[in-house]
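Copied over from TrEMBL, here are the features:
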TRANSMEM  29-51  transmembrane segment
TRANSMEM  82-102  transmembrane segment
TRANSMEM  114-136  transmembrane segment
TRANSMEM  148-168  transmembrane segment
TRANSMEM  189-211  transmembrane segment
TRANSMEM  223-240  transmembrane segment
TRANSMEM  252-271  transmembrane segment
TRANSMEM  304-322  transmembrane segment
TRANSMEM  385-405  transmembrane segment
TRANSMEM  425-447  transmembrane segment
Amino acid sequence: MLACCCGTAACSLCCKCCPKIKQSTSTRFMYALYFILVTIICCVMMSTTVANEMKTHFPFYEQMCKGIQAGEMCEKLVGYSAVYKVCFGMACFFFFFCLFTIKINNSKSCRAYVHNGFWFIKLLLLAAMCSGAFFIPDQDTFLNAWRYVGAAGGFLFIAIQLILLVEFAHKWNKNWTASANHKQMWSGLLALVTLILYSVAVAALVLMALFYTRSEGCLSNKILIGVNGGLCLFVSLVAISPCVQNRQPHSGLLQSGVISCYVMYLTFSALSSKPPETILDENNQNITICVPEFSQGLHGDENLVTGLGTTILFGCILYSCLTSTTRASSETLRGIYAAPETEVARCCFCCTLDGDADAEEHVEKRGGQTVIYDEKKGTVYSYTFFHFVFFLASLYVMMTVTHWFHYESAQIEKFFTGTWSIFWIKMVSCWFCVFLYLWTLVAPLCCPTREFSV
């Protein structure tokens, strides 16, 4: 344990019965744990419920707040400004390691030892950076400037995830079509999954039309649902058009099915985040329209809905961070793709094949979980890109928890209350995703002299 916290040894569990763990996996798990810890602290800082409970149940709460110079009732430790400062420290932590780990090719260098070990020291460094942000002079100028940095980083994080989603759709189709000509099973699976994806997309479109529109009013919802449904149909037709098929034989309906499902999800998420519309009924009473009637009852227990929804959301953020930091993903963002002849059709095509890595090069047993040092000859993932994605994720969490541009009235209990900024961010993300996919289809036609591979 001491070698893990204050030395270069990889982290592992104390129980011998636990399965083997790779050094690359344990390192990413530890950084993810730090990220989760700071994210939980940010959510607590935005919770009025937690603040009120602490005031009620802590007998020396006021004295403690004055002792740490956080205000009479610890007002400096709650609200959007506190979240901005904590996330500033976390972002600086990951950005520092992003620069520190540039051009590390294996785990034998001194910098790689720092990246893969010294966890207690790095935890102290993270805590110092998050705490030090509260002592930055001229807080108003800092918060105003940092807000724009956070927005830019949050948008870039969204863009990276959309790029990798499009790449995932192309990779999936190319991998399964690689053996479709030789084995009928893959052709059948391809057709079945494509049918399921389009069935889900069409069902989502119909349900949104039923629950988010009505015969009178809801014009904006009708337009948005119609436009996004039309875009899905358009990209599907483009994907199977003869001109695209001639340049990209691997293009097909599976990719457009994935994109269509994601577009429908973003459309639903955007409509759910839209501020409610109200009209006067025949009794001159305000009634809410353009939202499902049952959704009003679901928000009866705001704490339950917020807790469950926030857990799912940040679980997705964490999953995106970890899956987008593989070497294949970082190379995709630089335009480097695997050669088509190296593709081997398999269900879990996102995972490396057994025996790809030098996993058994060095195995260490210290009385607990067995650790496999799998990066002696080369790194499994890009250290720099890994920290850069977590740097952007820190900014995205900061903006998401504080309701983006509605930060002054933000509370974690009202996390799913509709705001126009969140609505338009999700809707623009939806259109940007369609544009990215469409560009991968038409780019070879627009630039015939260039070589494109997806």
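Yeah, the Cβs are placed from backbone N, Cα and C, and that goes for glycine too.
From a predicted model like this one, the values you see are computed outputs, not experimental measurements.
In summary, the transmembrane segment (252-271) lies against the transmembrane segment (223-240): three or more C-beta pairs, each 6 or more positions apart in sequence, are under 8 Å. Taking residue pairs at least 6 apart in sequence, the transmembrane segment (425-447) and the transmembrane segment (29-51) share fewer than three C-beta contacts under 8 angstroms. Non-local neighbours of the transmembrane segment (223-240) in the same chain are 201, 205, 208-209, 212-213, 251-253, 255-257, 259-260, 263-264, 267, 270-271, 427, 430-431, 434, 437-438, 441-442; each lies 6+ residues outside the stretch with a CB under 8 Å from one of its CB atoms. No contact links the transmembrane segment (425-447) to the transmembrane segment (82-102), because fewer than 3 Cβ pairs that are 6 or more residues apart lie under 8 A.
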